[in-house]
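Some features that TrEMBL has for this protein:
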type	residues	note
ACT_SITE	Glu359	active site, proton donor
ACT_SITE	His390	active site
ACT_SITE	Lys513	active site
Amino acid sequence: MNAEGRTGLDRMPEWTALGEHRRRLGDVQLRELFAEDPRRGERFALQVGDLHVDYSKHLVTDETLGLLRDLAAACGVAGLRDAMFRGEKINNTENRAVLHTALRVPLDTVIEVDGRNVVPAVHSVLNRMSVFAGHVRSGDWKGHTGRRIRTVVNIGIGGSDLGPAMAYESLRPFTDRNLDFRFVSNVDGADLHEALRDLDPAETLFVVSSKTFTTIETVTNATAARRWLVDGLGGDESAVAKHFVAVSTNAAEVAKFGIDTSNMFEFWDWVGGRYSYDSAIGLSLMIAIGPDHFREMLAGFHVVDEHFRTAPPERNVPLLMGLLGIWYGGFHDAQTHAVLPYSHYLSRFTAYLQQLDMESNGKSVDREGRPVAWQTGPVVWGTPGTNGQHAYYQLLHQGTKIVPADLIGFARPVDELGDLAGQHDLLMANLFAQGQALAFGRTAEEVAAEGVPADQVPHRTFPGNRPTTTILATELTPNVLGQLVALYEHKVFVQGAVWNIDSFDQWGVELGKVLAKRMEPVLTEGTGAEELDGSSAALVARYRALRGR
Ligand code: F6P
């Protein structure tokens, strides 16, 4: 570290050493690496909790991994990690602690922020959530007209939507099937309309989830939902008390909105929105899966937290996964990273990770505010296999871009599912086959030997050498979901630490919010159009004309 902050990554000897190593490796082939070391598949695999993580199909050698760990050490990843777990204010642009890990520690743990132990409050909110969730699940919580709740509608956006929505989908078999759950996020009225159109207000509970309680989409949707509810219950405003609860850090705004703060579940500014679904933001999830399953999920998070905090670098899975991403972004010019779950229940998992990763690491200045001269966060994308195989895998196999990918699968289908026609083995056969095809491809000689006409051989050749990590767990349970999410949280942390960016702010979302606020009266009133740029002014004029204004 020099007086102005950390030395630029690209000027660190460990970075230069990796660059030289990359040149020496050239276009080393996975076929060669596996031929040289028949035990590579076992050697290049780690276990964390229930997750078996195979990283043998990466373009790395033992030397690569050693050099990457040297880089992490030189960048002070372990020191920053420890500071995070201790509750230090490592989110320096907002001067906040980063303590999502405190949401899942046992009650006897002590973690202090500004000299106060935060753990008792975490457990007290969890207990209140458990009581409330229990009442809704049992039918003891009655709506305004005395009927029990049948549908829970979560209104929130970003971290206040993606986490609970993803986890609800992931854990469907663990949910109370007598209750219905819907997640509304988009300010497009269609979202709320479609969620409410077949519901009975007397049996509907709204969970308004917003860290700040000032997010325009959420406040607008919640206002519309309140109107729908009150109108549907004969215009009696007092109905709100039995049909609206809030999850927020901002009691004043909750009260201003008209929700009694005794119906508010609290969390704290040291929980980032995209790291928050294991806080009270998970209330609708807890109602769905029940408090016990929710706590099992928290325990799963904690397993990986402890692993990340204590495992030595050679066996530290989030560290390894973070470093592999740095290897591809920094030394292979990879721009994107695909997350491909072979589980239909994980259909929202990659969307959730998009916010976790891209809002955290989509930065271009370092912690000292200097422009970075190296790649930061990748574009994260993907959908569940095997659907993706019949859509975009063509590019993964034969395109001109390198797309490192994570393949996630489970040994057993969840109990409830049954396996009427052997679908699960077929699903997993596809996962393993894709990893194989991506890594080893098919050479022109192999294609020709199959009798393929010469002019078709290039089209049917697969270059291989496309790197994947395979994450294999026994079954998708609440505990395992917690482990998976924590794994990615810490992977993102590692990358931000190496890139020397603040992974915990999100200033990049602000400009659009400010401009939208300014734009709205231009659309509705036609005032201020003269201040717009030429393109926007023309578009707004056309829009207003089409609206008959
Ligand atoms: O605009 C981005 C963001 O601030 C996210 O970081 C956050 O998860 C989302 O908006 C929702 O914010 P809130 O929970 O305060 O409504």
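Here the Cβ of each residue, glycine as well, is placed from N, Cα and C on the backbone.
Worth saying up front: this structure is predicted, and the values here are computed from it rather than measured.
Overlay of TrEMBL annotations on the structure.
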residue	record	Cβ contacts under 8 Å, 6 or more apart
Glu359	active site, proton donor	Gly158, Arg274, Gln506, Gly508, Val509
His390	active site	none
Lys513	active site	Ile216
